[in-house]
Amino acid sequence: MTPLIFVTGGVVSSLGKGIAAASLASILEARGLKVTMMKLDPYINVDPGTMSPFQHGEVYVTDDGAETDLDLGHYERYVRTRLSRKNSVTTGRIYENVIRKERRGDYLGATVQVIPHITDEIRRCIDEATAGFDVALIEIGGTVGDIESLPFLEAIRQVRTERGAEKAMFMHLTLVPYIAAAGELKTKPTQHSVKELRSIGIQPDVLLCRSEQAVPDSERRKIALFTNVSERAVISCPDIDVLYGMPLELLRQGLDELVIDQFKLRDKVAAADLSEWAAVVDAVKHPLDEVNIAVVGKYVDHQDAYKSVAEALRHGGLRQRTKVNLKWLEAQDLEGSDMSALQDIDGILVPGGFGDRGFEGKVQTSKFAREQKVPYFGICYGMQAAVVDYARHVADLDAANSTENDRQSPHPVIGLITEWRTATGEVEKRDEKSDLGGTMRLGLQEQRLKPGTLAREVYGKDVVAERHRHRYEFNNRYRTQLEDAGLVISGKSMDDTLVEVVELPRDTHPWFLACQAHPEFLSTPRDGHPLFIGFVRAAREKKAGGKLLKEARA
């Protein structure tokens with residue numbers, strides 16, 4: 001039976017439960033344990049796939065094609081375990097499963113209720129996702145006191161009652177606000193948060209106290225006294241300059257030792273080696289170079305919509321000890337002739353998106369980068385914009401467009417995918433009338449790269465696998481015409497039916513590459529990703545006046 005660490009939050013949301021949990025997971029992993037993570041989200045959507053990026057932020061995609069919460073991105077950036085749809089569960093999915101079972105008659109005519117049917121389904125999902133691991137960390141979304149979270153809290157209370165303290169731990173992250181007028185930290189919100197948690201039958205084993213500054217020992221003792229938590233288990237989580245330094249901070253305070261002692265794992269663990277995290281922090285704090293990258297998107301007012309893109313760019317810089325400064329630009333603002341916002345930029349990245357708003361701005365951005373020889377990296381919609389730009393302005397296909405934006409276009413160079421193979425080899429089909437949710441080409445897909453191309457050079461191998469999330473694709477009817485006009489198709493699906501990567505010849509542009517996949521989902525601070533490393537290096541070379549630079553690894 002896998003020992004479980006349940007991570008809850010109190011007082012306010014967005015305190016960083018996911019980062020704290022992932023940091024602890026990375027320490028336990030460094031000590032030799034096989035670790036996994038899971039997110040329980042209280043919203044009634046089945047998954048975040050159809051939620052607005054302005055409300056929810058990024059939709060993170062796993063290898064098996066699950067559309068999940070962005071916290072799974074945090075998890076995979078901190079731990080080596082690759083997650084799946086089992087690791088992201090919502091209230092919507094729980095109710096969907098229970099109702100499906102009720103319709104099949106699985107409950108034998110019983111009245112279906114929150115307790116025991118909903119809570120049992122939650123526990124079943126937890127068991128399924130965590131089986132076979134040494135330790136599992138499970139984050140409960142939302143804040144204690146929210147009505148939506150109650151079924152999840154009741155389910156984990158039941159787990160603790162049945163398994164005992166040696167197999168289930170409660171970790172509660174709470175706010176200790178600093179009141180500037182009084183010049184002191186206030187512990188009362190934490191006391192009330194724990195009181196709320198205890199009222200539903202959960203006594204925390206560990207408190208993570210988020211604050212602007214380190215919580216002094218006197219306040220930790222006070223919190224311990226009023227919350228019935230050991231002083232040793234009251235952990236200070238102050239604001240830090242580099243988030244990737246959180247594993248080092250939690251290790252310093254001995255959080256991992258609390259877990260090992262409670263779960264009696266001493267005979268399974270070794271000393272923690274966090275040298276990779278120390279190297280990451282050092283590279284962030286002591287860069288040797290810096291570049292300015294423009295990110296031209298549709299949801300830039302809510303930057304969590306591009307969380308993995310921003311992190312992957314920074315990772316690409318870390319591998320070269322280069323600070324990456326991001327300039328966020330709204331695509332709609334670039335739909336005219338004024339491209340002054342892109343002056344003095346070392347590289348341009350156009351990320352994914354849906355719908356016609358801002359698409360023309362992305363096309364204009366591609367045209368600017370192509371003509372001005374600025375390194376360009378297009379992802380998903382950014383690739384489609386680059387193809388439309390090339391079709392219109394180089395191949396002379398007037399009014400070329402994507403059918404997503406103009407179904408009457410005389411040259412639909414981007415069209416709806418009607419049939420494709422999933423990661424497991426199964427054929428999926430869709431049409432214009434299909435549901436939006438869960439009907440895209442999703443998950444890890446292999447692609448073959450063309451020898452002698454930029455893509456092949458950057459990746460360093462012939463076959464690569466990337467995660468996808470898209471409904472529209474390069475229209476094969478225009479392959480030959482655009483290749484004859486000079487566009488290089490450097491990556492194709494293994495069955496040769498889908499275009500995966502396009503680029504410009506190196507003799508016409510220093511670095512212009514666009515891919516249909518989402519490589520940002522496979523980038524980590526310790527390893528980076530070849531495309532982002534190559535793009536940042538190209539930006540550095542542009543800044544250096546075209547001089548070829550040797551990579552300085554972190």
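Every residue gets a Cβ built from N, Cα and C, even glycine.
Keep in mind that what you see is a predicted model, and the values were worked out from it rather than measured.
From the candidate list Lys39, Lys86, Lys222, Lys264, the residue Swiss-Prot records in the UTP site shared with Ser13, Lys186, Thr187, Lys188, Pro189, Thr190, Gln191 is Lys222. Summary of the site annotation: Swiss-Prot records ATP binding at Ser14, Leu15, Gly16, Lys17, Gly18, Ile19. Screening the candidates Asp71, Asp106, Asp120 against this entry identifies Asp71 as the one listed for that site. Swiss-Prot lists Tyr381, Gly382, Met383, Gln384, Glu404, Arg471 as binding L-glutamine, and of Gly353, Gly358, Gly443 the one it places in that same site is Gly353. Mean pLDDT of the predicted structure over the region 'Amidoligase domain' (1-265): 94.
Of the candidate binding-site residues, Gly18, Ile19, Asp71, Glu139, Pro189, the one lying closest to Glu404 (L-glutamine binding site) when CA atoms are compared is Asp71. Cα to Cα, Gly353 (L-glutamine binding site) and Gln191 (UTP binding site) are separated by 43 Å. Neighbours of the ATP site: apart from Ser14, Leu15, Gly16, Lys17, Gly18, Ile19, Asp71, residues of the same chain with C-beta atoms within 8 angstroms of the site's C-beta centroid are Gly9, Ala20, Ala21, His74, Glu139, Leu173. Secondary structure at Glu139 (Mg(2+) binding site), taken from DSSP and collapsed to helix, strand or coil, is strand.
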